[in-house]
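According to TrEMBL, the protein has these features:
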- 134-158: transmembrane segment (TRANSMEM)
- 135-394: domain 'Ion transport' (DOMAIN)
- 192-210: transmembrane segment (TRANSMEM)
- 231-251: transmembrane segment (TRANSMEM)
- 257-275: transmembrane segment (TRANSMEM)
- 296-318: transmembrane segment (TRANSMEM)
- 359-381: transmembrane segment (TRANSMEM)
Amino acid sequence: IGNTVLHILVLQPNKTFACHMYSLILSYDRNKEGPGSLELIPNNEGLTPFKLAGVEGNTVMFQYLMQKRKQNLWSFGPLTTVLYDITEIDSWAEDQSFLELIVSTKKREARQILDLTPVKELVSLKWNMYGRPYFCFLALFYILYMVCFTMCCVYRPLKPRTGNKTSSRDNTVYVQKMLQESYVAYEDELRLVGELITVIGAVVILVLEIPDILRVGAAKYFGQTILGGPFHIIVITYACMILVTMVMRLTSTTGEVVPMSFALVLGWCNVMYFARGFQMLGPFTIMIQKMIFGDLMRFCWLMAVVILGFASAFYIIFQTENPENLGQFYNYPMSLFTTFELFLTIIDGPANYDVDLPFMYSVVYFAFAIIAALLMLNLLIAMMGDTHWRVAHEQDELWRAQVVATTVMLERKLPRCLWPRSGICGREYGLGDRWYLRVEDRVDPNKHKMMRYTEAFKAQDRDNYDKGSEKLEINRDTLYKKELSALSLSRSTSRTSSHRGWEILRRNT
């Protein structure tokens, strides 16, 4: 019951009342230390009150709980060294990481905790010591891997075509080799080494990604932009395309160019994932994701309707014409592709002035140009501009969340020997087995001087008010005019002393 009340207090809107009640309930807790403590009992979702405060973005409760956990090590003048307990914060030994919970929540208030002490210092320590070097090395390794795969695709086994053409529009001159013919020369053996590296890399990608999908859940794993959700879809699809290409090569099945071309596009697009390691490029990846999966996905429904309608009209118009004179609409699939190019203004309106074109072509193309080029494309630009404005206002916050998500990902996937635990064990200071982070805080003496001046002036105003109140009590039975004059005198005296005090404060500042 006490633990349930603690979780309810974390969710209360009145932060001050919740903190006082939290302390009151813990004062009756018999097991204040150890696994039986009320603060360490999780709810049905596996969240302790401390983790729940982070997930809900309750910064007041989070700072209150951190103040209870800190230990003042020493203080000398303006310098103070504090030990913060990071037992539940550090993701090194946590199955359900506090940092991962913060970046995976949809509440913006939760991401503000990443800028508070000691979370900010812990993330900075992890990222600067281990996260950034490992991430840069991983980016370089992936680029070299993609270069190897691209070279294998460019020099894939082909041979000249021997059969006769069945159509005048057939333009094929090379065909795919059979498996027995693909690995004969010395160049084929070099390509085989690169292909083996590519396949092994695809298997490693699946081995690393599938356990995380099963642990987190597909909806949460692929749906969170900060966690890199769309990029996980891209890299898993890429690995599957590599395996499909391998099977088609081993079985000598024609058409391997289809999965191979998909793999090339997806593999190189995944390089944008590594832009999150740089503050200048990281927010732009989130911006691209929000535009693609937000604005562009909604716009594609409208675009598909327009393209389908006008492509059908163009095909019907040229259905009775000679396809050799205007081949852009010679069949229905080609009409769809041509209309798509016209929609994006990639090509100009096709026309052959050596022959007479149908009159309806001009009418339909005029309507298509007005709707597609002038109306819908400008609508898309306006939608993307609005998304860019929204993301630009929180780009620093999003980049910090990206750094935290990347750090947690690397910490989980790398061996423990390559990523030692951050912080200081409490045994060195006689604080048990808990781990602490040492933070040095410098106190500004001028700030405290100003605060002392402010408190002194407040006390002076309060004394003057008390004196005026006493005078009013003594002269209660006097005339109303005397009472008014005494009150005015009290207020003018208070105003004068207060004005003099703030002048001193302004001069010191």
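Positions of Cβ are set from backbone N, Cα and C atoms, glycine also.
Any TrEMBL annotation is an automated prediction that lacks curation.
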For the transmembrane segment (257-275), distant same-chain residues with Cβ under 8 A (at least six beyond the ends): 135, 138-139, 142-143, 146, 149-150, 153, 156, 176, 228, 231, 234-235, 237-238, 241-242, 244-245, 248, 281-282, 284-285, 288
Outside the transmembrane segment (192-210), six or more residues from its ends: residues with CB under 8 Å to it: 145, 148-149, 151-152, 183, 232, 235-236, 238-240, 242-243, 246, 413
Average pLDDT across the domain 'Ion transport' (135-394), rounded to a whole number: 83
